[in-house]
Amino acid sequence: MSLRVADGVVDSDHAHGVVDSDHARLHELGYKQELNRDLSMLSNFAISFSIVSVLTGLNGLMGTGLNFGGPISYIYGWPIAGTFTMLIGLSMAEICSSYPTSGGLYYWSAKLAGPSWGPFASWITGWFNIVGQWALTTSIDFSLAQLVQVMILLSTGGLNGGGYMISKYVVMALHGVFLLIHAILNSLPISMLSFLGQIGVACNFFGCFLMIVIPVVATERASPEFVFTNFNTENQDGINNYFYIFVLGLLMSQYTLTGYDASAYMSEETKDADKNGPQGIVSAIGIAVVAGWVYVVGITFAVRDISHLLSENNDSGGHAIAQIYYEAFMSRYGSGVGAVICLGIAGLAVFFAGMSSLTSNSRIAYALSRDGAMPFSSQLHKVNKQDVPINAVWMSALVAFCMALTSLGSLVAFQAMTSIATIGLYVAYAIPVLLRLTLGRKMFTRGRFTLG
């Protein structure tokens, strides 16, 4: 794959012909400005933070954390994963400052690997990244469909009270509807997406700190000893090795802490990108780590019987976080309405996470196709009158829908999507950082955000 140098002159933001420094830098990197550069640092951060979405990852994989290790696996696993994620994010932010393009990681790999290894490193990074991003969007929107399934079940009486459980085909249809809505929203100008992304941030913050009231509502609470020292070794998979159990429990934390690279992909739409892009990456990680830890500690005080929370025969059908909410409200008020409302608030955060994730997907697809690295590249990198890569948006939504079709055959196969997303993304994160320390050590030119 070769990086094409753009033809023509760089666009100007000013009527008097003053060339914007962001446009000039993009031209130096080999591209012309095609997307609308309208995002502030806050807007850039909002897109990344909405994808990281503490409520999306932790609520969706709470059962995994409880099954593998219980409280210890995430009470301590979360800050461990968060610390290493911040180190990765800082390394990526420094490279982003030097190469602020929508290509992000694969472009960085091309530049840092040099002319001999650049094409290979770039191709590997780009495809690990985009497949991981597609899997991430798939898992987010499918988890939203499953959340709606649980909300309907609980609002109609729960599994043991004659509640209505929608079929897997309806869940799949809901997944498709959410993707359709997200594709429509992503067809709007970036200024509108910026506004929606900030609403998503507000939903995440509100949801995280509202959910702390769950232990307060519950009439019975876990002891501090349980919250901070319980290690659950009785998992449903027959795994006895304590270290392996703990590592598997880390998936809940590590899956949640992905997607912050979106700040890099939005560089060509961000003002002062060589500063605001890196700040978006670092701030999204830092705030998510703090908010997430507060959330998991608070919600664990409402955990009583782990095996019951994970049982498919409980009122939520085995959805751990929904069962925690439901039991808390039922114990005090004799009604699960409050639990359904709380799940609805969490659902809003998941909805905006899916929207922002599709935004990120489409920018990677746009950049890869601009460099001729994807099938139908000539069509996928086109932008519409609103400067939106419209074909890349709808193609990414279609891929995310097709990937979820595996759930009709086996939920186990679908659950592998979370692993694909986590592993694929972190392979893509690691390659340019490794190249920065090896082949690109001497050729790397620092940007405005530097680690010294």
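Even glycines carry a Cβ here, placed using N, Cα and C.
Feature annotation from TrEMBL assigns transmembrane segment to 41-62 (among others). A Cβ distance under 8 Å defines the sequence-distant neighbours of the transmembrane segment (41-62), meaning residues of its chain 6+ beyond its ends; these are 74, 136, 139-140, 143, 147, 193-194, 197-198, 200-201, 203-204, 207-208, 211, 251-253, 255-263, 266, 270, 272, 275-277, 279-281, 283-285, 287-288, 291-292, 295-296, 299, 320-321, 324, 346, 349-350, 352-353, 355-357, 359-360, 418.
Feature annotation from TrEMBL assigns transmembrane segment to 74-100 (among others).
Nonlocal intrachain contacts for the transmembrane segment (144-163), taken as residues 6+ away from its ends with a CB within less than 8 angstroms of a stretch CB, comprise 59, 170-172, 174-175, 178, 313-317, 319, 322, 326, 336-337, 339-340, 343-344, 346-347, 350-351, 354. TrEMBL lists 144-163 (among others) with the feature transmembrane segment.
Beyond its flanks by at least six residues, the transmembrane segment (169-188) meets 137, 141-142, 144-146, 148-149, 196, 351, 354-355, 358-359, 362, 384, 386, 388, 390, 393-394, 397, 400-401, 404-405, 407-408 of its own chain at Cβ-Cβ distances under 8 Å. Residues or ranges marked as transmembrane segment by TrEMBL: 169-188 (among others).
Under the heading transmembrane segment, TrEMBL lists 195-218 (among others).
Among the features that TrEMBL reports, transmembrane segment is placed at 242-260 (among others).
If you look up TrEMBL, you'll see 281-303 (among others) marked as transmembrane segment. Below 8 angstroms of C-beta separation, residues 45, 48-49, 52, 54-55, 58, 62, 65-66, 71, 74-75, 78-79, 82, 85-86, 89-90, 92-93, 96, 204-205, 208-209, 211-212, 214-215, 218, 221-222, 226-227, 253, 256-257, 260-261, 263-264, 309, 321, 324, 327-328 of the same chain, each at least six residues beyond the ends of the transmembrane segment (281-303), sit close to that stretch.
If you look up TrEMBL, you'll see 333-353 (among others) marked as transmembrane segment. Residues 50-51, 53-56, 59-60, 140, 143-144, 147-148, 150-151, 154-155, 158, 178, 196-197, 199-200, 203-204, 206-207, 210-211, 214, 217, 315, 321-322, 325-326 of the same chain sit 6 or more residues outside the transmembrane segment (333-353) yet have a Cβ under 8 Å from a Cβ within it.
Beyond its flanks by at least six residues, the transmembrane segment (392-414) meets 134-135, 137-138, 141-142, 168-169, 171-172, 175-176, 179-180, 182-183, 186-187, 358, 361-363, 365-366, 369, 376, 380-381 of its own chain at Cβ-Cβ distances under 8 Å. Taken from TrEMBL, the feature transmembrane segment applies to 392-414 (among others).
The feature transmembrane segment is assigned by TrEMBL to 420-439 (among others).
Same-chain neighbours of the transmembrane segment (195-218): 42-43, 45-47, 49-50, 53-55, 185, 291-292, 294-295, 298-299, 301-302, 324-325, 327-329, 331-333, 338, 342, 345-346, 348-349, 351-353, 355-356, 359, counting only residues six or more beyond its ends whose CB sits under 8 Å from a CB of the stretch. Within its own chain, the transmembrane segment (242-260) is flanked in space by residues 48-49, 51-54, 56-58, 61-62, 64-65, 67-70, 72-74, 77-78, 80-82, 85, 89, 132-133, 136, 231, 233, 235, 280-281, 284-285, 288-289, 292, 356-357, 360, 418-419, 421-422, 425-426, which lie at least six positions past its ends and keep a Cβ under 8 Å from the stretch.
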